């Protein structure tokens, strides 16, 4: 039963991460899996589950605070292109994404679909 609960939790983490950020699902899944595994191990060893939960919540707050301190706004077309190029692993795709974002604006939506045509 615990394995099923853990699997459902990890699935939910991946879905929520994808919905909110659109990226990072692998990292979130690995972290969630480690938290579940270590949490169950600690509970089996006698740790208080509520104490573990509170500790995890405090750690999440601290990590979030630290990440937000180091975060930088991506504002210019060049910054968008550079960030997108890193994510895509391809500068030309980064440039295309920056161009599309420039055209639709901050509130616009860009839909990317896989092509079935060779070379496109």
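Indices start at 1 and increase along the chain as displayed.
Cβ coordinates come from backbone N, Cα and C, glycine included.
Summarising the annotation, Swiss-Prot assigns ATP binding site to 23, 24, 25, 26, 27 and lists sequence analysis as the type of evidence. DSSP classifies residue 24 (ATP binding site) as coil under the three-state reduction.
A simple way to gauge crowding: the CB of residue 26 (ATP binding site) has 10 other CB atoms within 10 angstroms, across all the protein chains here.
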